[in-house]
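Worksheet for the structure shown next.
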Amino acid sequence: MSGSAATPLLTVRGLKKRFGAVTALRNVGFSVERGEVTALLGDNGAGKSTTIKAIAGVAPIDEGEILLEGRPVTIRHPSEANALGIQTVYQDLALCDNLGICANLYLGRELIAKPTPLGPRVLRDVEMEAEARRVLKTLRINLPALDTPVASLSGGQRQAVAIARAVLWNSKLVIMDEPTAALGVAQTAEVLRLVRDLAGQGYGVILITHNMQNVFQVADNIAVLRLGETVLEARKANLTPDQVVGAITGTLAIGAAA
Amino acid sequence: MTTTTQPAVPVQSPFKRWLSGVANASDLGMLPVIAALIVIWIVFEVLNANFLTPRNLSNLAAQIVVTGTLALAEIYIILLGMIDLSIGWNSVLAASIFSLSTVFFHLPVVAGLVLGIVFATVVGFLQGMLVSRVGVPSFVVTLGGAMVAEGITLGILTPHGGSVPLSDSLTTAIGTLNLAPLWSWVLSIVLFGAYAAVTLNQIRQRTAGGHEGGYAAVMRLIGVGVLLFGAVFMLNAYRGVPFLLLIFLIALFASAFVTKSTQFGRHLYAVGGNAEAARRAGISVRGIQLAAFIIAGFLVGLAGYLDAARLGVASASVGNGDIMLNAVAAAVIGGTSLFGGRGSVYGALFGALVIESVSNGMNLLGAASSVRFIVEGGILLAAITVDTVLRLKRLRTGRA
Ligand SMILES: Nc1ncnc2c1ncn2[C@@H]1O[C@H](COP(=O)(O)OP(=O)(O)OP(=O)(O)O)[C@@H](O)[C@H]1O
Ligand SMILES: [Mg+2]
């Protein structure tokens, strides 16, 4: 699909990935626009996680193209993805339960002061808390006191911490792998609201989920993978849930990407 | 997701909030161990009225130093979720190198001291390399390291009859002298003033940022003041604050700063809490592990020297088993979780106080060492059980 005048934030084309004898990705391609949510759908084993691991640099692709703002990029390591402004909220969240909310938000890039050129690297906790509070406010996330250990938060709150963490790193593209799995109704609604807010603030979002209702609530663009291939990519407005389900299960033959 | 920023119960005094926070916390900090310490002291005082005397408590203050410093070293490793079984023999090795180089090779005392501590630090570094680069479990590496250190120590000291008396003036002074009462007061008042200023400043900055909960900090400040001035009062009633204790406290406060206020400390807790999350956050997990082993090695070397100074002799017979086990016990009793990522360096002080109070009290009662072992082992098992139960409680509530 095309039509937008500006280059998309992210375009992937012809991604291929083999694990020994298993071909996980044969031909994956889709785009993500700034300020939009692209839902990545597909049955179990379709290759969704493999695709985002490729974009996040966790498991680099064998063949194919990744274009960021029109420029081809190679991403072979998570730190390279981070440097390009790509942040991933993993399914297992990767938070340190023993640390507080603020410590988790800034993990690995704490604000520090060096009283002498040789160190010590002293934490600027008060400033980190103030900045974190500001970011949480722009995302309309309410959390308990910022030194509360993450272990004592609810699933939705932990998800919110993980998402806010991704946003704090000057990112352009936020990838989320099943952020609403295992959440209750109210918490799911809150996380979806957060996803919409991110897009509203200009971030590009890739959202993986199995929940069709969620997809139609928040996505702008929908890409469906089947057996490692993109079988459908279209604007949500041009699709019905039945068509999407058909594409996922393979019962509905859709010619090319609409 | 929360939709409330207010506490669930609308009107509640800060004191009640603090109290219920304490009651529901899965990490109680130093409170349980301080409570246990009070019980132990009362029991021993009832059994023998000589226990809570300035003289005996001054002895106790010197007795906790080696266990406390070793426990401090061990806490750096336990925070990683690892264990170091070599701290006992490595400390004795540092002391024997010191004694040999100063008594037989006539090195200046300070040079010998540096040599001993550097040696222990290098042992820590080598063990850290095996653990972090090669990935050998710390338990195995340090068990092997302990045996090597024991072998070298015996090799060094056996030709000299197994022990070398120390008589240089620095070592004697550190091992036996005290900071005069007046200076003890001055120092403690200055230190407490600085601590209070920092705490109050933090509370002010936080509340300015809309953060509540300065109450816990104020309670902590009061608690620290009571403990500090009570201890100084007690020690001054005898001869003042032992230099040994002063050195341990300096190491303790420096460690508190390193673990709580620096980026390294934050990463140390992160690696111990969730190494995979730390790695994905760009933290060099191996680097943190190696650094922890190096710091522990340094503290172990210091502990070895302090032990030799206290006893006036570098001896191979002090290394056997229980100084290491006492230190591990002190760390765990002080609330450091063997599962990694939880605990505080102050646990070294209070854990060592518990262990050494029991040992001291039993000695006063003339108890056989068989009984002492059983009681100390029982306390260790109780502490580990509490640690495990609290962890299970956290796991349950953490998934809620
Ligand atoms: N590390 C690996 N080694 C071998 N095969 C793998 C590996 N990772 C993924 N695969 C295979 O690649 C295919 C795609 O897996 P992937 O995890 O991307 O699916 P998914 O769409 O995320 O599924 P789900 O909805 O279950 O999470 C599967 O057949 C899977 O077995
Ligand atoms: Mg998956």
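In case you wondered, yes, glycine gets a Cβ from its N, Cα and C as well.
Copied over from TrEMBL, here are the features:
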TRANSMEM  B:28-48  transmembrane segment
TRANSMEM  B:60-83  transmembrane segment
TRANSMEM  B:103-126  transmembrane segment
TRANSMEM  B:138-162  transmembrane segment
TRANSMEM  B:182-203  transmembrane segment
TRANSMEM  B:215-235  transmembrane segment
TRANSMEM  B:241-259  transmembrane segment
TRANSMEM  B:288-306  transmembrane segment
TRANSMEM  B:345-365  transmembrane segment
TRANSMEM  B:371-390  transmembrane segment
- Message: So, taking each listed stretch (B:28-48, B:60-83, B:182-203) in turn and counting its Cβ pairs to the transmembrane segment (B:345-365) that are under 8 angstroms, which one gives the highest count?
- Response: B:60-83
- Item | Beyond the flanks of the transmembrane segment (B:182-203) by at least 6 residues, Cβ under 8 Å | 214, 217-218, 220-221, 224-225, 228-229, 232, 235-236, 240-241
- Query: Of the stretches B:60-83, B:241-259, B:288-306, B:371-390, which racks up the most C-beta pairs under 8 Å with the transmembrane segment (B:103-126)?
  - Reply: B:288-306
- Query: In terms of Cβ proximity under 8 Å, which residues at least six beyond the ends of the transmembrane segment (B:288-306) contact it?
  - Reply: 65-66, 69-70, 72-74, 76-77, 79-80, 82, 84, 86-87, 90-95, 98, 113, 116-125, 127-129, 131-133, 171, 174, 244, 247-248, 251, 255, 258, 264, 267-268, 271, 278
